[in-house]
Amino acid sequence: MDRLSVSTSATIVFLSLIGVLFGQRTCTTTQVSYQTTSSVGYYSEPYSQNYGCGFWDWSRCSRTRYRSRTRAVYRQTAVYRTVCCSGYTGSRCEAVCSPSCRNGGTCSSPNSCSCQSGWTGSICTLPVCPFGCANGGTCTRPRVCSCRSGWTGATCSQPVCTPSCENGGTCTSPNTCTCQNGWSGDSCNNDINECAVDNGGCHHTCHNTAGSFECRCNSGYSLASDGRTCNEPPAVPRNIVVSNVGKRTATVSWVPPPNTFPNQLTAVSAYRICASQNQFQEGNRVVTAGQQSRMYEFTNLEEYTAYFFHVAAFNSFGEGASNDPIEATTLEAAPSAAPLAVQAFPNSSYNITILWSPPPEIDRNGVIIYYEIQLTETENGTEFQWTSPELTTTRGSLHPHFHYEFRVAAHTSIGTGPFSAVETVQTLPAAPTAAPTQLRVSNFDSSTIALVWEPPPFTDRNGDIVRYHIRVTEQETQTIFEYSSTSQHYTLTSLHPYYNYVISIAAETVGVGPFTTGLLQPTMESVPSSAPGNFSMAVVNSTSILLSWSELPLPERNGVVQGYTICLTNVRNGRDTDYSAVSGPYSIVNLHPDFTYRAEVAAVTVVGAGPFSSQIEVRLPEAAPSGPPTHFSVDELSPRSITLKWGYPLEEDRNGVISGFRVRFISNNFTDLEVENATITIEEVKPFTLYYAEVAAFTMVGIGPYTVRIRVLTPEDVPSPVSTTMLEAIQGSPTQLTVQWRPPEEPNGELLAYSVCCRESTQQPLCDCDSAISVSSTSCPCGDLEQDTSYHLQAMFPVGLPHVKVIGGFSPYTNYTCFMTANTSAGESSPGIPHSSTTDESTPADEPQDIMVNSLNSTAILIQWSPPHIPNGIILFYTIYINDSITFNIIAAYQNSFMFGWLSPYQLLNVRLSASTKVGEGPLTESQSVTTDESGTDKVYFDFSTIVIIFTSLTNLMPLQVSCMSHKKSMP
């Protein structure tokens, strides 16, 4: 296998990124190159090849062949090697920095230094001060600052003062002191007199001290927490006025008191306002107002009452003095409370009395003029309202046993006060003034009626209903029944079926109210209470009976008799059948002959049947069967016989003792056969023929119905022999024969196909094909031989017109003997009478055989041969080709050899032969070479008698005939 080297196709670099990120000082890469090789591969490619096939290769067939093909196959191989990353060098691939790192720094990556603590910069030459150098200082070494003048400290952040600050002063910048309160000067050594300005901010007196001062209060006062103010409460508010006095309100206004030392401690923080009904007491109406308040409105004061008002101010030191009391009286108002002890009691069913006491004196708020009474009828919401100057009142024309809600309110000249709480009173009950309503009745059964009703209208009940009275009148007997119920429903029981009842109801409280209008309600029907009388049964014929009875008495019907139900029992099978009759007598038909029946009858209303009468039994006479035999079917079936079987009719259809059966067999005519048993075999039927059959049973009285006619198709059989009428050759078709025939006289089934069996007549003597022999699909037996394999299946035709076909696949110019058979599903017929015929001639199928070419002398050669194996006809002549330039046609009837002379000595000759029939020339033999003897070496002579040759030039095809007779002799 050849290989071809190909240049590198790709390089892939893998970086160690994590190592680089964490400062690793080395870095490598992996280079991948690919080497491509090629080779030659082989594979098979299918192609289609045509060739001759069939009889004598006359047909063209196609088959798949395979041939080898080549193609190039390429394969890549990866080659890996490790190199340093860019910026790295050496055997360990370490990083390179230029210029190099200083002060102990190390090169961590290309041109990147990792510095020691205290140094920074690209090559570690810059010192680092972690907290920086302030106020213009410079970092000269790691963590060391060089400060400017006036500053000191590790970071140059501390100022320097000369001289230093005194009395608690602080150096805040170079040569600058910030002094404590009370001192001044460059070094804070001068005292300040604070009392010289605004009394030092003191309330009463200011006293100076070294570096400070203090405030002092007059006798009787103390210094406040601010060290400046003395604890002096506020003065009395000014211009206090009481105005806008109403029924329950009054407004107090004022002006703030004066303040000689205003500040947060002395400022008024709140006001205290009092309203009292006693000028010498503070009272219970004390409120506090805010710092900015200048007035306050009292509310919810008592009407028609004198009040005394006081105002005082507050600051951080306490409450100041209040003013002298100012008196004001509120105006009159409606009462503020309801009357007391409100109550009522009923006088009768129609009136009540209400009484009460006045409101508390403090809540009257004036003079009570009268009282207002409100009365509400709870049941329907009707309201009543009136007034009374007294402490009692009576109300009439009310409704019995109704609930009434009432309340009372007092009234002054200003208005009405609040009503008292609602109280309830109920009038006394009375008898209802109306009857119950919505009376509804329903029947549960023939002796029960259910009643449901509603109470009288509420306004007409006049009390609690304790019970209901029910009055029931039975119209048929004019009997009155009385019942009572404490609920709104009642069930009447033990009533007479199908009777009319009039029903009315009344309600009772302290008395019985009116009854409802009578409601007519009949009871439901019931089943009759007795059976019809005089029941009898008479036989009419073998399939019918007549039943008779008398009607029920009227009291026992319990409704309208709609008809009668008859129960008829088949004693043999216990089956019951019900019949309905409007009246008697009643006829029942379509019964089973020879059966025993039992009957009974009952009267029927819409509710159902009453009791049945006593049973009567009778047996009907015998009759012809009413049903056919059962399970009629074909038991056994062959092409020449039919066996039928069946079962007896159903027991209920036999109508007596079965004496026998009649079988009707139908083909072209009817055939009736009588048998005693339930089977029959019918012989001498035809194969593949449609028959019909039916069977009936009979008793001594008559024959019954036939079964459903069944269809019987006999199986197929082998057909009778086929008659061949013609077997002829076809002019110009050496491999085909024409066959003509007549179909079998007895096909014995559905013909499926025709078969033609043939053999060459020269293989064995013609056999007798009259005997019935089974024919296989691969060979055709014939004659007395058990299996004649000389016949083979030549062709098979489908069934149909015309009955003439062309058969192929024969050898040319051959005598064939053929016969025909027909096929059904049962098999193949016996062979028909054979016919013989010879196929037409064709060109020879092969070349002449056993060819020999010998040199006779220096001028002649001898050519000898045998006929072709397959001449396909009569060989008329042989054609000899000499060096493919001279052709001789030799008449084959005379000889199979030829001597060719007039040749040159020691001449090389190539000889080929072919045979011809009347149809044409066959194939040529292989070329045979011969060389004539040298001159003077002749050893063979020939005597020619009669030789007929035809000389033909390959250029002008002009024949030359020569006749002679010769007998070849060999010389020593």
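Using the three backbone atoms N, Cα and C, a Cβ is placed for every residue, glycine included.
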Look at the disulfide annotations in TrEMBL and name the partner of Cys107 from this list: Cys97, Cys115.
-> Cys97
Answer for the disulfide partner of Cys179 (TrEMBL, candidates Cys171, Cys188) is Cys188
If you check TrEMBL, which of Cys115, Cys133, Cys139 bonds to Cys124 via a disulphide?
-> Cys115
Look at the disulfide annotations in TrEMBL and name the partner of Cys171 from this list: Cys156, Cys161.
-> Cys161
Within-chain partners of the domain 'EGF-like' (157-189) [C-beta distance under 8 Å, separation at least 6 from its ends] | 134-135, 149-151, 210-213
Which ones are near Cys179 (disulfide bond): of the disulfide-bonded residues Cys115, Cys124, Cys171, which have a Cα within 10 Å?
-> Cys171
How long is the line from the C-alpha of Cys97 (disulfide bond) to the C-alpha of Cys124 (disulfide bond), rounded to the nearest angstrom?
-> 12
Spacing of the two Cα atoms, Cys161 (disulfide bond) and Cys115 (disulfide bond), in whole angstrom, works out to 40
Sequence-distant contacts of the domain 'EGF-like' (191-231), meaning Cβ under 8 Å and at least 6 residues beyond its ends, amount to 167, 180-184, 261, 263, 265-266, 316-317
Over the domain 'Fibronectin type-III' (531-623), what is the model's mean pLDDT?
-> 91
Cβ neighbour count (10 Å, all chains) around Cys171 (disulfide bond) is 17
Distance, Cys171 (disulfide bond) to Cys188 (disulfide bond) (CA atoms, angstrom) | 11
